[in-house]
Amino acid sequence: MRTLNVYGFLLTFTCILLIFTVVPFTIGSSDRSQRVSRSVVETENDMKYGVICDAGSSGTRLFVYTLKPVIGGLTDIDTLIHENEPVVKKVSPGLSTFADTPEQVIEYLTPLIKFAEEHIPSDKLAETDLMIFATAGMRLIQEEKKNAIIENLQTGLKRITSLRVIDSNIRVIDGAWEGIYSWIAVNYILERFNNGNDHRVGMIDMGGASVQIAFEIPKEEVYSGGNVYEINLGSNDQNSDYKYKIYSTTFLGYGANEGLKKYEESLVQAKKLQDSCSPKGLNKLIGEYSVNGTGEWDTCLAEVSSLIGDKTLPACVKPACFLHNVIAPSVNLSNVQLYGFSEYWYTTSNFGSGGEYHYEQFTDEVRKYCQKNWNDIQEGYKRKEFPNAEFARLETNCFKAAWVTTVLHEGFNIDKTNHLFQSVLKIAGEEMQWALGAMLYHTKSLKFGMDLEEELEMIESTQQISNFFSFCIILIFVLAAVLYRQLQSDSLYKKYHYLRTDSKPDFLNV
């Protein structure tokens, strides 16, 4: 009975050793991942940099980012800061202005490239990718001229910079991808990609030439209308934690400036002498055609609405359509948290309505403004009555207010009262740039020295082998102890049995 108790004790002891030897590694693997991640992030030699240029219709803006690895998560990306200022620089005009002189684009971009090189360690330049993504302005020019500009950049940049220039990183991007990059940037800043967070936001970004919209649609939704992209922000295609199904499209010609052109052309074609979308008393020439502003806001809204497009076509009854009769998914955008950027922010903030959007409040302010006499508006500007507006925008404020609201409510079917839309310039104190989303997407599989996942696998493998041998040694000692105890017990038993059956005390042999 005593031997059985010893066996039970030794068996229990072996199990406890097994638990304390093998299980801690399994439990602590995620902690070790974090420790490895932190150790690499804090190593300066493993810091990487990325340079990206947003070549828009009005100018080209350069951003320099720092890139740090996070095991099992997204790359940690931050704007490089120098003397408390972001390393960002812009040159004007837009890249598309070189349509007839493509050989001049290198001279145009040289100040930006040199600016970036000044802020990146010299030993990191050769491994730092330079990306130049052109947008709406370049999409509008002829294909031949567009290609000439891109080819001059691809060949010329390699002669003037030590940064890594890959031809595929110098290109005109599709408007849908511009929307996807913006969507990534917004949700990254808001930390909506954290595991367990199922509430990601959508975005509408209106520039001068086009407007983009991007939002997530349910993975189970079957939608055959196009413009749906499945993206993976994970470090490899097998990582499903960061897979998303995004609806994204762009509407070229529906930006605020292009919308103004459409409107002015409609005035000329209709031979109208009155412009309801300009402040009262503002006289202007459209080409050689003269019109007089009347500031009639409600008439302006009706005229702008006619430019959005007929959505009563049979194809747009069910399902609904967006701008230009583009069939929309079944997602009700009035129930989606939407952020409006660029022109949405500039226009609403000009009327003191930036941020949370209230249709009635906004349109009341616009109506009051448009009914003012143009001379009074100019005098009011001098008295700083419009602190958020640039003087150049005073003439077009009425039209742009009508355009952004009409696109929002009639173009994207967002309810005027019950909605989750807001206009923003900054998110969490950071100005949203689609360049951030592009950098995150295109550096998701970067190698940081030894690939971090490979390093972690190596550590895990080494630890597993070590634990296995440790357990084997412990098991051998335990088994040896059990065997020794068994032999000792058998020996004592035989000796005791022999003494009892064959031995007699000396006093009996007398």
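Glycine is treated like the rest: Cβ placed from N, Cα and C.
Feature annotations, courtesy of TrEMBL:
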TRANSMEM  7-27  transmembrane segment
ACT_SITE  Glu178  active site, proton acceptor
BINDING   Gly208, Ala209, Ser210, Val211, Gln212  ATP binding site
TRANSMEM  468-487  transmembrane segment
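Feature map: TrEMBL annotations on the structure.
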residue : record                       : contacts (Cβ under 8 Å, 6+ apart)
Glu178  : active site, proton acceptor : Phe133, Thr135, Asp205, Gln212, Thr250, Trp434
Gly208  : ATP binding site             : Ser57, Ser58, Ala136, Gly255, Ala256, Asn257, Glu258, Glu343
Ala209  : ATP binding site             : Ser57, Ala136, Gly137, Arg139, Leu140, Leu252, Gly253, Gly255, Asn257, Glu258
Ser210  : ATP binding site             : Thr135, Ala136, Arg139, Gly175, Thr250, Phe251, Leu252, Gly253, Tyr254, Gly255, Glu258
Val211  : ATP binding site             : Ile204, Asp205, Thr250, Phe251, Tyr254, Gly255, Leu323, Val407, Gly411
Q) Around the ATP site (Gly208, Ala209, Ser210, Val211, Gln212), what further same-chain residues have their C-beta within 8 angstroms of the site's C-beta centre? A) Ala136, Gly175, Asp205, Met206, Gly207, Thr250, Phe251, Leu252, Tyr254, Gly255, Ala256, Glu258
Q: Going by DSSP, give the three-state secondary structure for Ala209 (ATP binding site).
A: coil
Q) So for Gln212 (ATP binding site), how many other CB atoms are inside 10 Å of its CB? A) 30
